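Q: Input: one structure, supplied below.
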Amino acid sequence: MAWLETFTYICGWLILSSCLLVRAQLDSDGTITIEEQIVLVMKAKMQCELNITAQLQEGEGNCFPEWDGIICWPRGTVGKMSAVPCPPYVYDFNHKGVAFRHCTPNGTWDSIHGSNKTWANYSDCFLQPDINIGKQEFFESLYILYTVGYSISFGSLAVAILIIGYFRRLHCTRNYIHLHLFVSFMLRAMSIFVKDRVAQAHLGVEALQSLVMQGDLQNFIGGPSVDKSQYVGCKIAVVMFIYFLATNYYWILVEGLYLHNLIFVSFFSDTKYLWGFISIGWGFPAVFVVAWAVARATLADTRCWELSAGDRWIYQAPILAAIGLNFILFLNTVRVLATKIWETNAVGHDMRKQYRKLAKSTLVLVLVFGVHYIVFVCQPHSFSGLWWEIRMHCELFFNSFQGFFVSIVYCYCNGEVQAEVKKMWTRWNLSIDWKRAPPCGGQRYGSVLTTVTHSTSSQSQMGASTRLVLISGKPTKNACRQIDSHVTLPGYVWSSSEQDCQTHSPPEETKEGHRRQGDDSPVMESSRPVAFTLDTEGCKGETHPI
């Protein structure tokens with residue numbers, strides 16, 4: 001099977017390499033900040049100035065080419081309209097539309113009456129109101145989806161942590177790693193909620209339209225910087241969001257490494273490597289996140305750092321490496337499972353049943369290893385169309401509900417956890433039964449022996465008297481009588497008053513051939529008390545005369 005293992009590793013590395021190359025050029029959420037939008041506009045401006053210089057050297061024209069702050073207009077023909085496609089570097093533009101400008105017979109661009117500003121028609125570049133409303137509803141649905149998902153995951157993970165932490169029998173290295181993973185999912189959810197509150201700075205179409213219509217885009221680009229102290233809080237929120245996001249990916253990797261070592265490493269000491277796993281999960285992400293924060297504060301300290309401009313690879317590359325490595329571990333683990341299935345089929349087992357087991361195990365591994373990450377990483381970003389909307393819903397669904405799925409796999413469906421919960425439930429029911437008074441006094445749990453003595457003295461005319469006598473002694477060798485299942489409980493003592501709760505029946509024959517009298521028979525003409533003793537080794541609740 002060496003060829004299969006080699007093929008698995010080759011496929012894994014090829015997929016990882018291609019996905020890293022694609023993902024490195026893409027944004028993580030399909031949106032850009034104002035700073036990034038300005039960078040794109042400035043690059044277009046520089047290219048336009050080079051083109052204008054080249055056109056001026058070619059010769060004189062009617063209307064000179066120029067940069068109006070958004071579009072680089074070419075030479076215009078006298079008395080005609082010039083049409084230029086809406087620029088693709090403006091995010092919220094209709095990239096299928098066209099902008100218009102008029103070249104007057106005087107050889108100058110038409111200007112707005114009463115102003116020195118050049119007239120241009122950008123109406124076709126702006127998204128239509130119905131389209132804009134549709135995009136807004138789409139993003140609102142995504143927000144509701146991942147908010148509900150992260151909330152459910154947070155609650156289920158919190159309960160799972162309490163369950164595993166409460167039962168001491170569940171305290172082991174494997175469950176310690178699970179707890180760290182649960183905490184990383186919870187911190188990721190909390191950081192996303194905080195980030196949504198304090199770092200909402202994405203560029204909207206209304207803001208861009210107002211800048212374009214007012215002609216203030218160039219002034220905004222070159223204007224004075226604002227007070228940066230107001231962005232300290234949101235910068236901290238963004239840094240913590242990126243850190244907890246990275247720790248979550250790396251704790252998923254730790255789970256994969258732990259499972260992989262259990263399968264492939266002989267005599268694996270999980271306790272020995274626990275601190276190493278903790279360093280990978282919490283320590284290593286802090287290194288590259290701090291490096292990114294220092295680079296951002298030094299080179300591009302603008303607004304909230306919600307999305308970086310060119311330095312995103314500092315934290316994206318390690319995260320993508322963790323996703324790719326986890327995917328390779330997943331492939332290798334599935335390969336081992338498939339090999340075991342084929343070996344089992346060779347000895348005559350049901351093939352369909354074995355493949356169902358393989359499919360079930362693979363599904364669990366998909367949730368544990370986070371295989372959906374590698375699937376979405378390899379998908380190209382189109383930022384439009386039905387497929388992109390479906391992809392965004394699927395990606396955010398799995399990302400937000402993954403914590404809930406992991407809690408089910410590692411806690412709620414875990415046999416050890418279920419056994420401990422059942423034990424606690426049984427003990428709780430027994431404690432409730434002990435506190436509740438029995439209806440007929442027929443069941444007693446304790447070490448006090450109850451005896452009932454009927455007096456036949458001369459004072460019997462005054463009525464029978466009942467008293468409790470503590471009797472000590474060894475049980476006789478009489479045969480054990482069959483009693484109900486409560487005798488098997490520790491500390492149970494059979495009481496003669498239990499006959500009061502039973503239906504009267506004829507006396508039954510004992511093994512010695514004697515007949516036993518029920519409690520409804522006349523009082524025995526004997527002054528000897530009837531003692532009830534508890535023998536832990538022999539019969540329970542045996543009676544004998546003293």
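Cβ atoms here come from the backbone N, Cα and C positions, even for glycine.
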Q: Please verify against Swiss-Prot: do C125 and F264 share a side of the membrane?
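A: Each on a different face of the membrane, per the record.
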Q: Would you mind telling me which one of N116, N429 Swiss-Prot calls N-linked glycosylation site?
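A: Among N116, N429, the residue Swiss-Prot annotates as N-linked glycosylation site is N116.
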Q: If contact means at least 3 Cβ pairs within less than 8 Å, sequence distance 6 or more, would you call the transmembrane segment (314-334) and the transmembrane segment (175-194) in contact?
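A: As far as Cβ distances go (cut-off 8 Å, pairs 6 or more apart), the transmembrane segment (314-334) and the transmembrane segment (175-194) do not touch.
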Q: By a simple count, how many Cβ atoms lie within 10 Å of the Cβ of N116 (N-linked glycosylation site), its own Cβ left out?
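A: Around the Cβ of N116 (N-linked glycosylation site), 6 other Cβ atoms lie within 10 Å.
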Q: Using DSSP with the three-state reduction, classify N121 (N-linked glycosylation site) as helix, strand or coil.
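A: It is in a strand.
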Q: Which residues of the same chain, at least 6 past either end of the transmembrane segment (175-194), have a Cβ under 8 Å from a Cβ in it?
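A: Residues 146-147, 150-151, 153-154, 157-158, 160-161, 164-165, 237, 240-241, 243-245, 247-248, 251-252, 254-255, 258, 274, 277-278, 281-282, 400, 402-403, 406-407, 410-411.
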Q: For the C-alpha pair, I'd like the distance in angstrom between N106 (N-linked glycosylation site) and N121 (N-linked glycosylation site), rounded off.
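A: Each residue's Cα considered, N106 (N-linked glycosylation site) and N121 (N-linked glycosylation site) end up 20 Å apart.
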